[in-house]
Structures are given as structure tokens and as C-alpha cells.
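Summarising the annotation, Swiss-Prot assigns disulfide bond to Cys42-Cys60, Cys221-Cys237, Cys347-Cys352, Cys371-Cys380. Taken from Swiss-Prot, the feature active site, proton donor covers Asp219. Summarising the annotation, Swiss-Prot assigns active site to His241 and lists sequence analysis as the type of evidence. Annotation source Swiss-Prot lists repeat 'PbH1 5' at 319-364.
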Amino acid sequence: MIAGSKLLMLGLFGALAVHALPEPAKAQVTAAPKLEERATSCTFSGSAGASSASKSKTACATIVLSAVAVPSGTTLDLTGLNDGTTVIFEGETTFGYKEWSGPLVSVSGTDITVKGASGATLNGDGSRWWDGKGSNGGKTKPKFFYAHKMFSSTISDIHIVNSPVQVFSINGATDLTLSGITVDNRDGDTDEGGHNTDAFDVGSSTGITITGATVYNQDDCLAVNSGTDITFTGGLCSGGHGLSIGSVGGRSNNDVANVIIENSQIQDSTNGVRIKTVYEATGSVKNVTYKDITLSGITKYGIVIEQDYENGSPTGTPTDGVPITDLTLDGVKGTVASSGTNVYILCAEGACSDWTWDGVSVSGGKTSSACENVPSSASC
């Protein structure tokens, strides 16, 4: 009997325990929202737009810059954006005047999309700084657009007018594509106008693609100073110094490799195809291809390759510290003014090798008698 009572009491206790204790609460787990749900689309405009955008940039999945007036001496700072951020320029973006080095705009981040809406312009109003000296003296002029440390990103349909000096600085970037970019500095085509208005300066970057660019300027359309796996295709370059490698040497990174420049036109420019390396510097230029390049209205050199640059000017004495190897020119054709030179090659002994030239035809100018150490496959 006692044993039976014990069993009955245990059974009742167990039943009470089951009913007395509540079920454990289920963990409240909220799925991470998608980026477009986590952040908002933010629009900034007017004179306070630049500051507000810079302060709020990490809270917005899409940043719309509508007719922003960037104050003088101020960078439109879009560095450190959240992954996947989209930046859209609308209307006319303007910049206040001050003598300073810039940049006027700076963007960095991963999986970033920067684009211009239809009709949008970034107006540097460079005439306020222009004095014909560029970055070599006179007024201190701000560089325009830093695309530094941009990874797996795109910049498209940006229309830049009248940059004070250099336009795009691409540095420390990987897998960056720029498409449909327009740089229009034609207002600077005067003696006291724009100078050193390079459109695209590339350094220490990998996997850079520039496609469909239209450039009117007074310096290099493209200048690759260092980097690998760089492509420039479908471009129109007018009024400047051509499509250039270099100058290579004298920087922290002095190696250029795997560059393709193709299907592009160079017109009304000082030079067409240009490669320049620095006197007594070290580095390398290898596996560079110029393919299907059309030249017209070239005033100085149709093709110029020199290993003698010092302080931005040729010395006439080439050195071998930056060899140029595996260079291909395929289908480079066009005309040079009668006062210009068709082809000029100045290599140090043994420093230019493994070149392939096919379908190269540049005429109208003079034949140089000052070429040195020209590889057998090329002609000067």
C-alpha cells in the first residue's frame, strides 16, 4: 500500500511538473534584411548637400546627389561606403573656388556603383584656375576625381566639364570598370588655358577596364604609370597627348604589365601612341598591346617610345633600368602633320626586346634620323 501511494504521488508530481513549467520561449531571430531594406535612398542637394552626404553616407543604400554645390576647399567625400552602395549624380554638380590640391570628389569601397543620370554634369569651371601652367606652377589647382581603393566597382555615364587639372586618379583599385565617361575640357584650348588635364591616370591597380570614353583635353587621354591587367577600348581622344604608358619609374610601384589599348581614335593631338620611361630609374614595361588605333591630325609624334624621361622632359640619353618587352603594335594607322615625326624610338642598348609590329602605317610627317636601338621587328 505504501509502495502504491508512493507511485501515485510520483505520478501526480510528474503531471503537475509538466503542466506547471511553461514551454521554453522560442528564440526571436530576425533575418538580416537585404541592403535595400536596411538602408534608405537619400537625396542631397544644394550647398549643404556635400557635407550632409559625407556624414550620412553609411546610412544610405542609394545616394542621390542632385545639383550639389560643393563648398570651396572641400572634398565631396564618399570614401568608406558600405558594400553595394549606389551613387547617382543628377543635374549640375558645382565646386567653389580655392587654390588647393583637392580632390573635388573622392570615392572608395567594394561593389560600389557610381553613375550619372541623363543630362547630369560635374562642372569644375576650371577657367578660374587655368593659367597655362597646370600642376607645374602658378595657381594650386585641385585634382578632380579620386577613384582610390575601389574594388569590384563601376563608374558609368559621368560627364565632367572643365577640370582644373588632372581628372580621374585611379589608384590601389581592383576590378574597376569605367564606362561611358566624357571629359570635355575644350574650353581650355588656349595658351593660358588648361594644362596637365590628364583624363585617366592609373597607378598600382589591377583589373581596370575603361570603355567608351570620350575625352577632349590638354594632356594624356590615358596614362598608365603602374599596374596590371588594364584595358582601354572604344575611346575617342582629342586635343591631348595621346594614349600613354608612363612615365614609368621613380615611384613606389614602377611595373606595368598586361595592358591592352584597342579600337580607339586619337585625333588633333600632340602624340598618338606613347611609351615613356624615366632616366636612370628601375621598373618594367611588359606585355603591352596597342591594337586597331587610328591617328589623325597628330602634330608631333605618331608613335613615340623613349627611355630617357627626367622631370617630365626627355634628356636624349636613354637608360636600361626600365626595359620595354613584349610590346605589340597591331593595326596602328594614321597621319601626322608635315612638321611632325611619324615614329621616334629611343631605347637603351638591350632594353627593348620581343616586339611585334603588324599593320603599322603612320605617314605624313618626317622620318626620324635620331632613333636608337630599335628592335628588328619595328621600324623608325
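Any Cβ shown, glycine's included, is placed from N, Cα and C.
Features per Swiss-Prot, on structure.
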residue	record	CB count, 10 Å
Cys42	disulfide bond	16
Cys60	disulfide bond	20
Asp219	active site, proton donor	26
Cys221	disulfide bond	30
Cys237	disulfide bond	27
His241	active site	25
Cys347	disulfide bond	25
Cys352	disulfide bond	26
Cys371	disulfide bond	17
Cys380	disulfide bond	17
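Nearest to Cys371 (disulfide bond) in space, judged by Cα atoms and limited to the recorded positions Cys221, Cys237, His241, Cys347, Cys352, is Cys347. Counting residues per DSSP class in helix, strand and coil order gives 0 helix, 27 strand, 19 coil for the repeat 'PbH1 5' (319-364). In sequence order, His241 are the recorded positions from Cys60, His241, Cys352, Cys380 with a C-alpha within 10 Å of the C-alpha of the residue listed as 'active site, proton donor'.
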